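Now, the feature entries from TrEMBL:
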type	residues	note
DOMAIN	205-320	domain 'Calcineurin-like phosphoesterase'
TRANSMEM	12-30	transmembrane segment
TRANSMEM	42-64	transmembrane segment
TRANSMEM	84-106	transmembrane segment
TRANSMEM	112-135	transmembrane segment
TRANSMEM	161-180	transmembrane segment
Amino acid sequence: MISFKQLPIEAKAAVAAGVVFFSMMLSRSYLAEKLDFRTRRWLLRLQMALFANTLMLMGSLHVWRSTVTTFTRSSAASSLCFMLWKIAVFTFLALAHSSFFTLLFLVAEEPYFFSLAAYTCLGAYIILIFFLFTLGSVEQAYKFLAGRGAKAGTGSKNRTALKPVLAVLLTVVLTVVGLLNASQPPTVNSVEIPVHKLPSTMNNLKVVLLSDIHLGPTVGKTKLAMIVRMVKALKPDITVIVGDLSDAEAKIIRPAVEPLGELDSPLGTYFVTGNHEYYTSDVSNWFELLKSFNIQPLHNENVKIVSPKSASDWFCLAGVDDIEADVLRYSGHGMDLKKALR
């Protein structure tokens, strides 16, 4: 039999990821009732961070081999530039891996620069992995179709060196484009939705839908205030926040949430959970915090919206929990459409 020590390092990382995932399942099944809520919440989030990092380790090893090890036998391997390149790649990978831990330790009213850098590197890491895999697949397909799988020559070596260079250049370009896009205000998309049997007095009702704000390591009070100003300028009759509002605990990030109190849609502001609300394991506290800002959570329930022009005209607005609550076995939560429409 092959011992653990004899396994390739990628296989060891895969085994480690499996162990962490198994520990997550065990802790949810057997420790849920033995640990207090706060301890259980921190344990779950720490396990998720470790699980993501062990999975990423396999990709990081591939990135290192493609962008560093490939060039160690070249004439430039002993130069200062190559040493600086190795430091840059190592720093890039370290920042990408640390991004998941900023959720636990670096959340405040406004994002820390380290958190922004770490999540930028995480995004670039995903793009780089994609291009390395895609270009590698194209290279293997070319070798297969050309019938040169067993040959190695100068052309093959040049192509091997070209692949990581091209992948890095494409990653840099797309990361810069992404950063420029993220620095812009959200885009407002207007959609007309025909509703069967909608009372005529409620025709042209305006609903603003907000999604995926992700308050936390990369989004703080300043950006949320900008979003709230945009919503108010649209003068909606109803505002709905449809999940992934936050990546942090309510108590920690409460000062950043304050702009939501300025939402004043005449027919109300409503909220349903997304998957990230369950990753924070703090849904009950978020519900209470949102209620303090006159935002009503719809927890597998509906609310009657009455026309301001006629009390006899109305419809029901229903909201369900995110399906991730079922996957995570989050107590008291889970998508239940029948209950929401009751």
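Glycine is treated like the rest: Cβ placed from N, Cα and C.
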Secondary structure composition of the domain 'Calcineurin-like phosphoesterase' (205-320) [DSSP: H/G/I, E/B, coil]: 42 helix, 28 strand, 46 coil
Integer mean pLDDT for the domain 'Calcineurin-like phosphoesterase' (205-320): 92
Distal contacts, the transmembrane segment (112-135) - CB-CB under 8 A, six or more residues away: 56, 59-60, 62-63, 66, 92-93, 95-96, 98-99, 102, 106, 163-164, 166-168, 170-172, 174-175, 178-179, 217-218
